Structure formats: structure tokens, C-alpha cells
Amino acid sequence: MKPVIVVHGGAGKIVEELDATYRAGVKRAVLKGYDVLSQGGSALTAVEEAVIVLEDEQIFNAGHGSVLNEKGDIEMDAIIMDGKNLDSGAVSAIRNIANPIKLARLVMEKTDHMLLTCEGATLFAKAQGIPEVPNESLVTERSRKRWMKNLKENSNPVADQIGLGTVGAVAIDCEGNVACATSTGGLTNKMVGRVGDTACIGSGGYADNNVGAVSTTGHGESIMKVILARLILHHMEQGKSPEEAADAGLNYMKSRVGGIGGVIIVNSSGDWTAKFSTNQMSWAAVKDDQLHIGIYHGENNVTPLEKAL
């Protein structure tokens, strides 16, 4: 099996002046993940490493750069799933952690549970030697300005959420194992304690070697209502291609609950897609030594991998 990896930097509306920054970010992430796969590493490690890159990039709403809740603080969610045995680990409403996806994997591998939240997740992180960082160190000037703007009367936090999507990755390795990983800072100016789709298995992501892997982005409550990631895999189980399944899932979410978003998918044969119902979604993929990058509908810029390194 030839390895494949796809990453996304969130669905929404990307302003033109940040176009190149988003492209550079997803490119770095997908190349990091593919480097793991090309050396015989697992899909699980590949998606984790790719998402760590995205969490460290200030432009994305995950890790460093996460949006602020109504109190001006950061609370983050993340999930990772292994398609080989359906094991999954997730964390929600966590603070003071630079890379939530690392903690999510530890939940999967070091506990009998699948999701730890808030204080419990913090205690677990300490026990595992994950260093705490001041939440303020994760706050960017961009996030702070957006938070302050939405404190004003007649503000519209929902509209201001545009371009602040979740980040994620899906991959299949040389042994045919698939995995997904998703991480987010959530909704800007959200209520304290709000947890969205990302940390919820089947919504923020799902991976099953028998079918494939999905990572989602978009309006979290809408994604949760239709259990988007698992819904898409169900369509694939019924014989749809990744592209057909993505369209079916996104169209259903829009028609049924009025939600928009985006998905990245890889199936058990290594076929992949990146689809979205928002204006834009930054994404990148590597397959057959070809780097693919896009932001706009119908865009797929292809570069030989040797020229992209």
C-alpha cells in the first residue's frame, strides 16, 4: 500500500492577504506527516505530527492561535482515532496545553477511557509529564482583537467565526492502517465550558480500516447533529467514493440543519478527497510523490514532491 495523507486548516472564508500563509501552513503540516509515512511510520503518528504543526502555526484556530471564549480565555478540544482497532482518545475544554493532540493520543494509549475533560484532563497531563504553558502564551494579537470586537454591543460572533475552522489530518500507511486527528480552539466568544464536535467521536473525526478515515471542520453544533464523520463513512460503506460520500454528507447537513463545513477523507484503497460547502478551506495532500494544495472550490495545484521539499 502506498501511503497517503491529507490535512486541512479549517473551512470558512479566508481573506486574500492571508492566502499564502494558509497555504504554507498546510504544506508544512502535510510534508511533516508524509515524512513519517515515507519512513514506514504509522498513520496514527503521521496524523498526530501533522496536526502538531498546525497547532503550532499561529494562523490556525488550534493550539497557539486558538480563539478566546467569552471570558477571554482559551479552551481547546482534540481527538485522534486509530482505524486498526477503533481506539480513540480525546480531550475537551483544556487549557495551558500547547499541543492538545498529544494529550488526546495519551488518553487513548495510557487510559481505559476515550475522553477526558477540563480539570481531569489537566491532572492527567501533569501525570504524563506534559508541560503546562501559560494560556496567555497561546493567545495571539489576532485572537485578542477578535474577542474584544465581539464584546461590543451589536457584534456578531457567528459571522466573525468565518475563516476560523478546526484543523485536522487523515492518513493511510504502508500497512493499510488509517487514522484521523482533529484539533480546535472552538467558537470565538463561546460560553465557558462549551465543547463542540471535535472531541466527539463520529463528529469531529472517525477512522476504520474497513472503510477509511474522515476529519471534519465547520459549525460544530451542526456537525454534531448529523454525526458528520461517521455519516460520510456510512455512505462509503454503501459503495460511494470519498468525493460522493463527502458531497452527500455535506449536502445533508446543509439541507437538514442549515450547517456548512468541510471534510477530508481517505478510504481503505488510498483514494482521497477534500470537500467543503463554505467559501474556502485550506488543505493539502500527498500521494504518489505528488503534493496537492488548494483553498478554493475546484482548485488542486499539483507539484512533484521532490520540487516541494
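Heads up, the Cβ atoms here are built off N, Cα and C, so glycines get one too.
Listed in Swiss-Prot:
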type: ACT_SITE; residues: T166; note: active site, nucleophile
type: BINDING; residues: R194, V195, G196, D197, T217, G218, H219, G220; note: substrate binding site
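All features noted in Swiss-Prot, drawn onto the structure.
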residue : record                   : Cβ neighbours (10 Å)
T166    : active site, nucleophile : 33
R194    : substrate binding site   : 16
V195    : substrate binding site   : 20
G196    : substrate binding site   : 23
D197    : substrate binding site   : 31
T217    : substrate binding site   : 32
G218    : substrate binding site   : 28
H219    : substrate binding site   : 23
G220    : substrate binding site   : 27
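For the pair T166 (active site, nucleophile) and T217 (substrate binding site), the Cα-Cα distance reads 5 Å. Taking every pair among R194, V195, G196, D197, T217, G218, H219, G220, the residues recorded as binding substrate, the greatest CA to CA distance is 16 Å.
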